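Note sheet for the following structure.
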């Protein structure tokens with residue numbers, strides 16, 4: 001039987017409503033897979049204003065990546081979205097390898113950290129940095145359906161692919177019994193030819209600038225794999241990663257590897273971590289692929305406890321370890337039910353007729369619009385229009401974050 005578009009969307013919407021309205025679900029599997037909130041846990045203590053300013057600024061930078069593949073980002077640093085917020089940035093290049101899970105979009109820019117007046121009259125200044133932003137997906141098909149692929153062995157690249165003949169360095173860390181999601185790894189393989197040569201040149205030109213990797217959704221998983229190659233295979237230091245709504249990239253071995261490479265088990269200075277995995281209340285994507293299949297989240301989580309926009313410093317919690325019950329791992333059962341319903345609905349999506357829009361994606365796959373929690377990271381990410389998503393129109397700067405606010 002062939003479904004009409006409206007029928008398909010109605011069925012899936014009903015599933016979402018049923019999922020989010022259910023308060024309890026017995027999660028099948030071992031007790032290690034059972035995630036429940038800790039009612040006696042203390043309320044989050046919040047984060048500092050400088051760290052909040054850093055995360056908020058990076059969320060706008062990754063939102064700009066959604067202009068790649070649509071209206072574009074042009075030199076010096078122009079786009080129809082939030083580029084005017086960053087007059088100190090200079091675009092180096094942008095790439096777009098295609099629309100599939102194994103493809104990638106993003107841009108490389110240099111932030112010279114010089115305060116200037118933007119079109120709105122506000123001053124914007126950031127610390128000098130080389131910025132690499134990885135776009136997420138426009139399609140829920142990529143986010144949910146394609147997360148079903150089989151993982152494969154993960155081995156960091158032994159040497160850069162810039163044509164040099166020097167032998168690879170002996171890595172300080174080794175990845176033992178690691179597997180990685182095939183689609184994520186292939187996406188990075190397709191991307192590295194556009195990123196690594198540029199980064200090598202920029203490091204020589206700006207040796208004191210840190211490399212800031214930032215990604216949303218599937219772009220977060222690519223940023224993670226890119227960072228591992230830079231840190232382990234190339235031995236580069238001063239690499240900082242910030243992801244928003246990052247899926248689980250691989251198995252427990254890979255999660256442990258990320259923890260070791262970025263020293264994420266050191267809780268003495270959580271705001272000083274070099275890997276920040278930002279998650280959001282009710283966002284199902286950080287829970288995918290499912291733990292039943294052996295996938296595991298790495299540490300470094302920064303949890304936004306407030307569901308609706310806009311959060312404040314007191315709404316954000318610095319999580320401890322890979323599986324902090326006060327963070328996304330302790331999501332109540334309704335979120336786990338939502339996640340499973342979203343995933344198992346893939347049979348309905350793939351069995352339905354393939355009505356495509358001009359960009360090649362079936363209309364029914366645009367269900368990411370229903371997953372606001374996956375898009376609401378300080379701002380509503382994912383739409384390249386003036387001022388960002390219409391949900392953000394009329395919103396000024398976050399209170400307390402003036403042009404002179406120091407960032408971390």
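Glycine is treated like the rest: Cβ placed from N, Cα and C.
As annotated by Swiss-Prot, signal peptide applies to 1-24.
According to its DSSP assignment, residue 177 (N-linked glycosylation site) is coil. For residue 177 (N-linked glycosylation site), the same-chain residues that are 6 or more apart in sequence and have a Cβ closer than 8 Å to its Cβ are 251, 253. Taken from Swiss-Prot, the feature N-linked glycosylation site applies to 177.
Residues or ranges marked as active site, nucleophile by Swiss-Prot: 217.
Among the features that Swiss-Prot reports, active site is placed at 283 (among others), with the record citing similarity to another entry. The 10 Å shell around the Cβ of residue 283 (active site) contains 27 further Cβ atoms across the protein chains shown.
Taking the Cβ of residue 374 (active site) as centre and 10 Å as the limit, one finds 24 other Cβ atoms among all the protein chains shown. The secondary structure of residue 374 (active site), as reduced to three states from DSSP, is helical. Sequence annotations record features per position, and here Swiss-Prot assigns active site to 374 (among others) based on similarity to another entry.
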